[in-house]
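Structure first, commentary second.
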Amino acid sequence: SMASPALLMRVVASAYSVAEKAATIVRNVMATGDLGIVEKTGANDLQTKADRLVQMSICASLARKFPKVTIIGEEELPTDEVTEELIEDGHCEEILKKTCPAQYTGIKEEELVIWVDPLDGTKEYTEGLLDHVTVLIGIAYGGKAIAGVINQPYYNYEAGTDAVLGRTIWGVLGIGAFGFQLTEAPAGKHIIITTRSHSSTLVNDCISALNPDSIIRVGGAGNKIIQLIEGKASAYVFASPGCKKWDTCAPEAILHAVGGKITDIHGNSFQYNKEVKHMNSAGVLATLRNYDYYASRIPNTVKQSLVP
């Protein structure tokens, strides 16, 4: 008889279906026209009804199946009873058929930490820049991002009424990443992708020092990593403390699964154990290829301004 799939593969397979449910919630909230926007710390730090409902759906669905896993979500939410319609019980069969990498077969529930950003790119969502929006579910073990799911609820939304809306990208270290076409940025071109709504002198000085051919300013960390793995950008550079662990965990796992690299501005790896501080206070540097080229050109003045 077949051994039952390893815990990690079951968690990823469930997270895949949970992310698809999340995308439906995101689209439904937008369709009602009432986003229920709340300012958290200011006009660039927003929360909508979609952020709240999606986080409840993801956390409750995964906690029900994997009660001993630590789940950390972006939003501070009351621990209300979650209505059954928010619960997703399904899983992706295709993921369960993949062989779990040997180093992860013995993982226990209590050793996993799941970092959830229910709606990455909230500000863009409220402004109708729907292709910037992602749902992020990152899975960490031993402080390291080892698996991730990124859903784009509005992927293809400008492709006409017949287009299939939305897609789910997933990856596991040692297996690879799926649901997109891996593409490298044009050789010899330095296309830098960075923040749209959290710019600063430091952010811009850092980018100028890298002498880019072009700069793309978009919302969402998930969105930026997708641009790297699809070859639209060569480096994601953010010399600022605004990014959090739930922004980087899922994208990091997917980027690393295809041979890319993400660190802070100093070149330090991110830690994802449950005790870690939530802020990535020393910024972000990520590439699919040629990491060292960009890392070596980050100015010391920038590094000195960003304390890990």
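A Cβ is built for glycine as well, from the same backbone N, Cα and C atoms used for every other residue.
Just so you know, TrEMBL annotations never went through curation; they're auto-generated.
The Mg(2+) binding site annotation in TrEMBL covers GLU74, ASP117, LEU119, ASP120, ASP247. For GLU74 (Mg(2+) binding site), the same-chain residues 6+ apart in sequence whose C-beta sits under 8 angstroms from its C-beta are ASP51, GLN55, VAL116, ASP117, PRO118, LYS244, TRP246.
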> If you count Cβ atoms within 10 Å of each one, which of the binding-site residues ASP117, ASP120 comes out on top?
Replying inline: ASP117
>> List the residues in the vicinity of the Mg(2+) site, defined as same-chain residues other than GLU74, ASP117, LEU119, ASP120, ASP247 with C-beta within 8 angstroms of the site's C-beta centre.
In response: ASP51, VAL116, PRO118, GLY121, THR122, THR134, VAL135, LEU136, GLY220, ALA221, GLY222, LYS244, TRP246
> For the binding-site residues LEU119, ASP247, which Cβ has the most other Cβ atoms within 10 Å, all shown protein chains included?
Replying inline: LEU119
